[in-house]
Amino acid sequence: MAFQILLNFLLAVTWMFFESSMELSTFIVGYLLGALVIFFMRRFFSSRFYVYRLFSIIKLMLIFLRELLLSNLAVLKVVLSPKLDIQPGIFAMETRLTSDWEVTLLANLITLTPGTLVVDVSSDNKILYVHAMDIEDAEEAIEDIRSSFEKAIMEVSR
Amino acid sequence: MKTNDIILQTVTKIVSFIILMFALHIFFAGHNNPGGGFVGGLLTSGAIVLLLLAYDIKTVANSLPIDFKITVAVGLLFAVGTGLGSFLFDVPFLTHAFGELTIPILGELHLNTAVLFDIGVYLAVVGSTMTIIQTIGEGE
């Protein structure tokens, strides 16, 4: 990914020299045309066309914002309800993610969405111990959300 | 004996990008400077021919899954389409229009419908050149 961005940058600079214009607009046009050329030649690279990965990063951000909003509302409901009818608990969740930054990102996303909190990560980075505010009605649903986060992260790193 | 083409292939990977960028430069320079759809198209197919020389026909066909016969058809459609477009404004066939457009970051652009016609020329030239070369290359 980094290599393709660097190449796109260099192609934009090449374009500025061809046009003999050192303006920002020339650079932007050159960058867009360079992206077009890299897209045309995308199968000569070992990794995917980097703009796809950019899109999956944006998708991950949108998923995060949606989950943040929804689970904050869920917490609000629990806080405002007159009876404290919740069942907290800790469950183990196995993850398929391997590299350090992926596990860190997943743990942070789980922690930042209220209702769940990552307590510990096993020493081989395979199991996350998650504290859930209300485990009774949520365990299945939370697993679903996890897989949506995990899937989105996998799409970014693939 | 099959020789190791690593130097040729590595240099091709770098050079083909510069050629493709230059082809685009030539293509867009066409209005006020030497250049245009024809040379731009020939330069683009030149870059693909360089890839064909460095790799074999199958690798290039897998990496650029483009049917160049369809490229010719699309190019001709562009050319005819810009011609027919003039009928929508009640003017003779192939009458071209131009206008100024100001976009926040890019600044003032001078847009001309002749560029659309040029894209047609470009695609037709790339398509026919590549069809000729690939057909000759595949024949035993």
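Going from the start of the chain as shown, residues are counted 1 onward.
Each residue, glycine too, has its Cβ placed from N, Cα and C.
Because TrEMBL annotations are produced automatically, they should be read as predictions rather than curated entries.
According to TrEMBL, the protein has these features:
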- B:7-131: domain 'Na+/H+ antiporter MnhB subunit-related protein' (DOMAIN)
- B:7-29: transmembrane segment (TRANSMEM)
- B:35-54: transmembrane segment (TRANSMEM)
- B:66-89: transmembrane segment (TRANSMEM)
- B:109-133: transmembrane segment (TRANSMEM)
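Most Cβ pairs within less than 8 Å of the transmembrane segment (B:109-133), among stretches B:7-29, B:35-54, B:66-89, belong to B:66-89. Sorting each residue of the domain 'Na+/H+ antiporter MnhB subunit-related protein' (B:7-131) by its DSSP state yields 87 helix, 12 strand, 26 coil.
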